[in-house]
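Taken from TrEMBL, the feature domain 'G-protein coupled receptors family 1 profile' covers 50-301. Annotation source TrEMBL lists transmembrane segment at 35-58, 70-91, 111-129, 150-172, 205-230, 251-274, 280-300.
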Amino acid sequence: MAPWDSLMTSSNSSIGQLASFYLSGIPGYEDVQHFISIPFCVFYLTGLVGNCTVLHIIHTDKSLHEPMYYFLAMLSFTDMGMSISTLPTVLRTFWFDAKEIEMNTCVAQMYFIHTFSLMESAVLLAMAFDRYVAICDPLRYSSKLTPQRIVYIGVFIIIRCSTVLPVVLVRIPTFSFCHSHVLSHSFCLHQDVIRLACSDISFNVLYGLFVVAFYWGVDSLGIFLSYAFILRSVLLIASRGGKLKALNTCVSHICAVLVLYVPMIGLSLVHRFAKHSSPIIHITMADIYLLVPPVLNPIIYSIKTKQIHQGLLRILLSKRIGLAHT
């Protein structure tokens, strides 16, 4: 048993600011965790560079200053937020074996991880609405999605997602933690922390269910309904080429939705039906949920969206020409 395990499983309870938690790497692979950190570094670097590139392309190419690409910029921003939220503790755990994290730091990390996750879902809903208007009501697309309304949507998403979590997170420092303080992951998640509490966590559990239903549930329902109307409109298009062209504009967004929701559903199922399975399964599912979307989204949009693909090629060619002249 590791030193912190024996310390944290002692009978003495800790409350509030006195409590610290201990992050976990991958159980059983502590001797090679420096090598395990390499793919994590590659994922983080790929995600950050990819999303920065997408933001740069949208910012510098005036022809991309349209609703669809503004929403894509929001998605890249939230992806970067998700990556940066977990980056410090993950790399610190694997590189330096520094696993202790203070209560306030843990609560702050929980806030940013869950907030950016909610923002990602909300942005995908906004993008689904954008595709719905573009396909079902194209003549009024520009009048419905004006730059001012897009700003309003962005501000609404930020307020909606950033104000819901403090209600439960401010309660965590008041809890008593009288058992193990070892978390299951190399970052702090709300459901992972409250399971260690000896206090009454009923409010946190019920409020968590409310957030899942009212945020994730409403967002996923809105996305589903948007595509139901889109599919109905596409089926009314006479030509086969027209149908394929309309659906092709949705492929990138559908992939982004699947990249976020499939790991999230998988993680929920593992927590619900495989509580006693190997910890590696839980760790892997959580890592996929938080690391894969920021990596795959810029790749998907770079491949499937012609304008982003062309912008990326311009950047690569300009650098190659610059190197040739040096």
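Just so it is clear, glycine is given a Cβ too, placed from its N, Cα and C backbone atoms.
In TrEMBL, annotation is done automatically, which means it is predicted and not curated.
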* Tertiary contacts of the transmembrane segment (251-274), as residues 6+ beyond its ends and Cβ separation under 8 Å -> 75, 120-121, 124, 127-128, 131, 191, 216, 220, 223, 227, 281-282, 285-286, 288-289, 292-293, 296-297, 300-301, 304-305
* Positions on the same chain near the transmembrane segment (280-300), where near means CB under 8 A and six or more residues out -> 24, 26-28, 40, 43-44, 46-48, 50-51, 53-54, 75-76, 79-80, 82-83, 86, 113, 117, 120, 184-185, 187, 189, 252, 255-256, 259-260, 263-264, 266-267, 270-271, 274
* Mean of pLDDT values spanning the domain 'G-protein coupled receptors family 1 profile' (50-301) -> 93
* Asked: Counting only residues 6+ away from its ends, which parts of the chain sit with a Cβ under 8 Å from the transmembrane segment (205-230)?
  -> 118, 121-122, 124-125, 128-129, 131-132, 135-136, 160-161, 164-165, 167-168, 190-191, 194, 246, 250, 254, 257, 261, 264
* Contacting positions for the transmembrane segment (35-58) when only residues 6+ beyond its ends and CB under 8 Å are counted -> 25-26, 29, 64-65, 69-70, 72-73, 76-77, 79-80, 83-84, 87, 90-91, 94-95, 287, 291-292, 294-295, 297-299, 301-302, 308, 311-312, 315
